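Step one of this worksheet: look at the structure below.
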Amino acid sequence: MWSLTASEGESTTAHFFLGAGDEGLGTRGIGMRPEESDSELLEDEEDEVPPEPQIIVGICAMTKKSKSKPMTQILERLCRFDYLTVVILGEDVILNEPVENWPSCHCLISFHSKGFPLDKAVAYSKLRNPFLINDLAMQYYIQDRREVYRILQEEGIDLPRYAVLNRDPARPEECNLIEGEDQVEVNGAVFPKPFVEKPVSAEDHNVYIYYPSSAGGGSQRLFRKIGSRSSVYSPESSVRKTGSYIYEEFMPTDGTDVKVYTVGPDYAHAEARKSPALDGKVERDSEGKEIRYPVMLTAMEKLVARKVCVAFKQTVCGFDLLRANGHSFVCDVNGFSFVKNSMKYYDDCAKILGNTIMRELAPQFQIPWSIPTEAEDIPIVPTTSGTMMELRCVIAIIRHGDRTPKQKMKMEVKHPRFFALFEKHGGYKTGKLKLKRPEQLQEVLDITRLLLAELEKEPGGEIEEKTGKLEQLKSVLEMYGHFSGINRKVQLTYYPHGVKASNEGQDPQRETLAPSLLLVLKWGGELTPAGRVQAEELGRAFRCMYPGGQGDYAGFPGCGLLRLHSTFRHDLKIYASDEGRVQMTAAAFAKGLLALEGELTPILVQMVKSANMNGLLDSDGDSLSSCQHRVKARLHHILQQDAPFGPEDYDQLAPTRSTSLLNSMTIIQNPVKVCDQVFALIENLTHQIRERMQDPRSVDLQLYHSETLELMLQRWSKLERDFRQKSGRYDISKIPDIYDCVKYDVQHNGSLGLQGTAELLRLSKALADVVIPQEYGISREEKLEIAVGFCLPLLRKILLDLQRTHEDESVNKLHPLCYLRYSRGVLSPGRHVRTRLYFTSESHVHSLLSVFRYGGLLDETQDAQWQRALDYLSAISELNYMTQIVIMLYEDNTQDPLSEERFHVELHFSPGVKGVEEEGSAPAGCGFRPASSENEEMKTNQGSMENLCPGKASDEPDRALQTSPQPPEGPGLPRRSPLIRNRKAGSMEVLSETSSSRPGGYRLFSSSRPPTEMKQSGLGSQCTGLFSTTVLGGSSSAPNLQDYARSHGKKLPPASLKHRDELLFVPAVKRFSVSFAKHPTNGFEGCSMVPTIYPLETLHNALSLRQVSEFLSRVCQRHTDAQAQASAALFDSMHSSQASDNPFSPPRTLHSPPLQLQQRSEKPPWYSSGPSSTVSSAGPSSPTTVDGNSQFGFSDQPSLNSHVAEEHQGLGLLQETPGSGAQELSIEGEQELFEPNQSPQVPPMETSQPYEEVSQPCQEVPDISQPCQDISEALSQPCQKVPDISQQCQENHDNGNHTCQEVPHISQPCQKSSQLCQKVSEEVCQLCLENSEEVSQPCQGVSVEVGKLVHKFHVGVGSLVQETLVEVGSPAEEIPEEVIQPYQEFSVEVGRLAQETSAINLLSQGIPEIDKPSQEFPEEIDLQAQEVPEEIN
């Protein structure tokens, strides 16, 4: 039973008896003197006599658990306590011996695992009555998920909404399951997909997650880790029919789970790991262990850990947290479990357990012992950024990837069945209906089949619908044999007097016609396999924009981002419009960005957020603005002229003098003649396809993406019919579709060898290069008006993203307290980066680029770099698939926090994938040039433009770029050889210390090791030239690469030295590019050809945050003012009837004392673990110990962090309750997010202007009526209730004495600011009272938000309510609340609480922000713009 390998004469340092295989303790124990060596101790041990009293700690668990590495490490440390002896009960004893024969012990550590006889352990505890570390009776409950959830609910711990399905014949009332296609109903509770299905037994790890059909359907099947897999995707969508299960709501966690490990109620270690539901691949390190990352818990999460520990009476307890929607939810409690591979945790755990045991048992053994109180030396690990600028925010707007050609058919329908369908799905509410779900499309198909059957019986019956159109509708809906829900949709629009009547204007005779519906069927437009590869590769390339790392895990590009993301230092959100191709592009990009594997469906569901509910990325393409109609009509008129372009045509069609536009017009000359040629080529093409179909060899011919010759012919025949109308005129709107189709066939179906496609591509591209960009406006003013109309919500969101970046980081920080000796190999870069990725369609990309080009960001006459950028953009002919607009925000920590140089913005752009016809003709840009603090002089001066005329630039992805002083590229410059390119594909480029004689002192790059040494991380061999590491080496975003290169410089293989001379000719600035697919060795199964993606080009790298913020605000305001003028008359007529009662009252923060966690030594160990446990790997859990270095406190009144406000304000658009008007919308929208016991805490907002500018409002106070008037005029739709500004100011003045809920640490400048704010507040309120008549101009729909109390008291007096978005005249939409971290933590310095109260009082007063009217109004409805549908064919 007992394995005692040591002699009876042992030293005072007790040992850990493991049998003959014990390898010893390894390191000195706590009781050892540091000057004693191990040999001296061993010699002394023979002469020493062990002390009489010994506390025996018994370990009763299965051998696999009791001899695991974590248990061994902890017990070794536990043995270093004097008076403690650890004994392990063997598995044979536990299983086969009666409990009476088990040796007695004073303290028992026992826990259940598979095969463990828990009944015997309970019997033993009753027999011997030892001190239990983990309660045994409660372990029965932990084995049943139903009991776990019941206990969690009783303790008031948040958990996902769930229902239990008990398949028990004795209780049939608990087994009511109704399964639908996209939902299940369990005992009356409905769970729409995605939902989770868990077996009730906690020992059964076969958890299934079911996905909605709109995301591809199927399920992810989770299981206990087997090798490198933890889940697998299955196409099965039906729930299990046998067994009892818990069904619960799926929580979107952005692909990471948090595992929490408690040791007593006051210690909790947390780690993040990749969610097994994401792709099922277990990330392992070089030793084969699952990679996990340290995470800092918030105050509320520490409270949850304490509750779990106490409720289940388990001192050592592990549980799973899901962070979603601004809250933390417990989804599983595992009982006894240890952290793996954390030396710090082993030390902490052993110390806490030892102290707990000694505190409980030492008195009865008369052992002199007290808890050690010496201060622990925990140095702060310094950051490595030095003086480099730190990447803080990346915002990218990206077009979707390569797709199949989009196709559309319109028909007018009048059958009652279509009207019934329209009514059933609520079409009459808005007059429009969009049907995408499989069951909806099935209804349309059923109606179509029924009408066709009736037409066969009665060809001359009452059915008015055209047979040909109905048959096409039927064939499209029947394609593929099933509805995927993302590649076909039907739109119905109601016309009260028939479609033609509405089209032809006010015709009295027409108005008597019966109403009809316009049915628009859209299909195609699916993301192709090539598009998926493009998106995934671009995602991999994007990794390299983030801070890099060192150590064992730095063997591949972009490893810095991966560890950044998993440690929650990366605040990532991916948004996509509701189009399937856009969502799949976003999912594929996320897969590459985060090195995920497996199917796209689970990634899409968990990582991609739909932004279609508020117009952020979607636009109602069927309703064009009046400006778009004018532009389209003028464009069609010019292109219908059968004559060569004259000077006046150039003035009319190309007033902006765009280089690409002029080039295309030169090619076209006579538009009608070119259209004749295009039409003849299409006729020839359809003739060739028909001939191929007659060829017996083509019977089973499969084209790209499973298309057949019949479908291909259908595509081209429809274009042939539609392009030339019966009148002989051409429908110019079909030109983009023709170009789309021929580009697709040349790229993907080139093997057919159809004649004339190259010429058709050349001519249709020339026409498309005129039509497509000019549809978004011809003159600068039109381009800007249409652009802002498309992307106003997105512009506001980008502005919010930039302003939210400099927020308090205490929520997302890694653990700041870390032993230096534990820091080696820890994946924890000290950065916090916010990333917002917006995937959308061509319209938004065109529009956003137009805003930057024509909105007046900079004066090109004064800024040479911006002039070069505009010249480059002017030469871009097409914004192709995967076009990117990237905004990067850096912070220079060496600058004064109030300085304009503190934050630095860069603007980058890529026109997406290369067209197949563009070899050698692409315009050259300025290179990718992130600013570097070590090359300040290069910021604005580098990168002179090459000749923008076509044909001058190289087609190489890493083509040469000259800097200003350099001579032009010589004709003899060799291109980079395939050998170098191949080697680059297999390894990460790192710095070589070779120096160049060229200006600027660039350091060039070569391979660090052969491809075979490349660590496999999911990148494969397709990671060629992803990002210009030449730039990254000196870039503010990747300073660590320099260190990496210096440390690895001597490892350069001979192969790279052989090409050093050639490398010296490599351009100084290479581009961020994805160029793998051109190389023959880099093929991709299922892809005919994946075009190269153009590298990112820097448009400007010396912008300040203030410049960009003011520019975006100005553009938004200009649009708002323009619409206000159009609706001023309507506003004036409505405004007199508005009441101005019930003014907005700002929410008050209530004071609540910090939660006191009392130490209760008389209780079992799960109630307290003693003072030494107050410092945990997740930071101090108890407020009794105040650490000056810690940045978190403990409060039972948590506050949501700024992510909530961001999602709320930037996306959700504060809700307006019908009938209650504007006076209620001000606080309703925000209060939805708070629990009843919480009080709203204002999120941190830091103004980019110095504090000294706070005094500015004082000077502008006399003009307070003007901003109010401006705001009033800016709204085109009246609200029903109007707040009175004068009353509001009065109320703010009266409420000025309320104290704040929490007292953060106050910095000195902020104290000055607070006094200034008090002065401003008093002056403003006094002025409001004196000038109530002037001020009382009603501001409809606008709630003026008072000055905010924020972390460190950055009072944003100079920046008005950033996001008071009121969606006027439209129903309130659901507000997405995806927040990675739920709560904001503040440090509370107890000693300074009293003296800081006065400063708090000053700041808690309501301060109306009057110097800048609200910038944030949604796009108002243009009452004059009528939808004019296209001609029905």
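Each Cβ is built from the backbone N, Cα and C atoms, and glycine gets one as well.
Annotation note: Asp257 (ATP binding site) sits in a strand segment as assigned by DSSP. Annotation comment: Swiss-Prot describes Arg145, Lys198, His205, Arg224, 248-251, 257-259, Ser275, Asp320, 332-334 as ATP binding site, evidence class similarity to another entry.
The region 'Disordered' feature in Swiss-Prot is assigned to 915-1020 (among others).
The phosphoserine annotation in Swiss-Prot covers Ser944 (among others).
According to Swiss-Prot, the feature phosphoserine maps to Ser987 (among others), an assignment based on a large-scale study or a structure entry.
Marked as compositional bias 'Polar residues' by Swiss-Prot: 1005-1020 (among others).
The phosphoserine feature in Swiss-Prot is assigned to Ser1037 (among others); the stated evidence is a large-scale study or a structure entry.
As annotated by Swiss-Prot, phosphoserine applies to Ser1073 (among others).
Under the heading compositional bias 'Polar residues', Swiss-Prot lists 1134-1143 (among others).
Summarising the annotation, Swiss-Prot assigns region 'Disordered' to 1134-1199 (among others).
According to Swiss-Prot, the phosphoserine annotation covers Ser1145 (among others), on the basis of similarity to another entry.
Residues annotated as phosphoserine in Swiss-Prot: Ser1152 (among others).
According to Swiss-Prot, the compositional bias 'Low complexity' annotation covers 1168-1186.
Summarising the annotation, Swiss-Prot assigns compositional bias 'Polar residues' to 1187-1199 (among others).
Per Swiss-Prot, region 'Disordered' is recorded for 1235-1257 (among others).
According to Swiss-Prot, the feature compositional bias 'Polar residues' maps to 1236-1250 (among others).
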Handout entry: Residue among binding-site residues Glu248, Asp320 with least C-beta crowding, 10 angstrom cut-off
Key = Asp320
Problem - Fewest other C-beta atoms within 10 angstroms, as judged across Arg145, His205, Lys259, which are the binding-site residues - result: His205
Problem - For Phe250 (ATP binding site): DSSP state (helix, strand, coil) - result: coil
Practice task
Find, among the binding-site residues listed as Phe250, Asp257, Val333, the one whose Cβ has the highest number of other Cβ atoms within 10 Å in the structure shown.
Solution key: Val333
Completion exercise
Arg145 (ATP binding site), DSSP three-state class -> helix
Handout entry: In three-state DSSP terms, the structure that His205 (ATP binding site) belongs to
Key = coil
